[in-house]
Structure formats: structure tokens, C-alpha cells
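Below: one structure, written as C-alpha cells.
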Amino acid sequence: MNDIWWQTEGQGNCHLVLLHGWGLNAEVWNCIREELSAHFTLHLVDLPGFGRSQGFGAMSLEQMAKHVLKQAPDKAVWLGWSLGGLVASQVALTHPERVQALVTVASSPCFSAREAWPGIKPDILAGFQQQLSEDFQRTVERFLALQTLGTETARQDARTLKSAVLALPMPEVAVLNGGLEILKTADLREPLKSLTMPFLRLYGYLDGLVPRKVVPMLDAAWPESESQVFAKAAHAPFISHPGEFCQALMALKQKI
């Protein structure tokens, strides 16, 4: 079994595993690495098939979580952004003893719109899958542009995301397709009710992929969890609002 790319840095007494989103890699954390590594031992990860973790095909959510867990510290705070939030949540469900706290960023337990549940229309996700086979570079760029729409620094934020993608080899089409399949089909709304560890959910008010309407719905469904919405952020609050984002993590660290 191949190992995935994994880098550890920082000297905090609390371990923090950072999982990126679809189409990306650990370079997305560059804007907050320095700040966080003063307070946490950071674990920067390229998910299987993404960035420097080459040699993997498409995976299910369960397989992806299993791979990441294999190289993880015994106990850590797990933070996942977007698709990474589903992977971190899956780890918390299968190995709660390894998860000191769970943090999901601009993530949803069910990305796809369902009956009485706001999300991405399934035909949009299917459209992305279709376009991937035709022009996957352009499809990834369109998806990145969607993530920063509406913020005051949208252009700059989109450039930051794009440079993270271009810094490393592009994932295989099958891997990208597999990631979209997870976003299209995963539904962890019920299972996550059972979590007992501290659980912090961070959102961007302007997010076009995870509608803000899900926040009060999940506040009600998971009363033990906490939520925070960054008023002027979209899908990548750690890029548009790095200071406030790091403060939220420091506040969580004080509680665990």
C-alpha cells in the first residue's frame, strides 16, 4: 500500500491534521501555516491521488479516511476543508478515540441538494463530472472560481487557490471524478449525531457551494456542536480571513 505525502512541522503540544478540498493539495494552507505552527504540531497532508500523493485511483470516502488514518498521530485535532471535511468526519466516526476535536471548514455532511436540504444541485455536480473528461484543467479552474465568488478579495483569493493547484502535478481525471462522486453521494447527517468529541463547524456567509441555510439546520440537529460564520468569507475563509480563522482554532484549543 502506497504512503501518502505527509509533512509535520511546528512545536505545539497539540497535533492538528489539515485535510484539503477537491482538486487541491496541502499548499492551500500556506497562508496560515506559520501562524498555526507556533501553537500546534501541524500535519500537512495531500489526500490520496492529489498533489504529491500520486499512484492512487478513485476511492470511496471510507477508503480515503483509512489511508489518511494510517499515517496519523495517535490523537489529534482533525480539520477538514470542503471534501476534506467529509474525510475528517469519517475518521471521527470510525475512530473517535483518535480524534481530540473535529473541525469542518466550508463543509457539509451532505453536499448534494436533497428534499428539504439545501446544497449543490445534483445536475451541477454531474455536469462537472461530464466536463472533466472534456477539459479537466478548465473544469478545475471553474470550480476554484466558484469558491471565492462574492468576497472583497475574490480575484486574489482565486489566484491563491490556482497557484496551489499549479504548484504540483494535476490529479488524474479518475481521482477528480471519484472526489466529485463522494460530494454527490455522501450523507453523514444522521451518523454525525453520535459524535461526542468537541465539534466546531466554520462557514463563509457568501459560500456558493455550502449554503448558509445549513448552519441553523445543523445547529438544531447537532446541538453539541458549535458553529461560526465568517460574514464576508465564501468557500475558503482561511484564505480571505486568515487572522479570524486562526483565532477560532486557538479558542478551540483552549477548550480541549
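Including glycine, each Cβ sits where the backbone N, Cα and C put it.
Site annotation (Swiss-Prot, ligand substrate) includes Ser82, Leu83, Phe143, Leu144, Ala145, Leu146, Gln147, His235; from Trp22, Trp29, Trp117, the additional listed residue is Trp22. Using a 10 Å Cβ-Cβ cutoff, His235 (substrate binding site) registers 29 neighbours.
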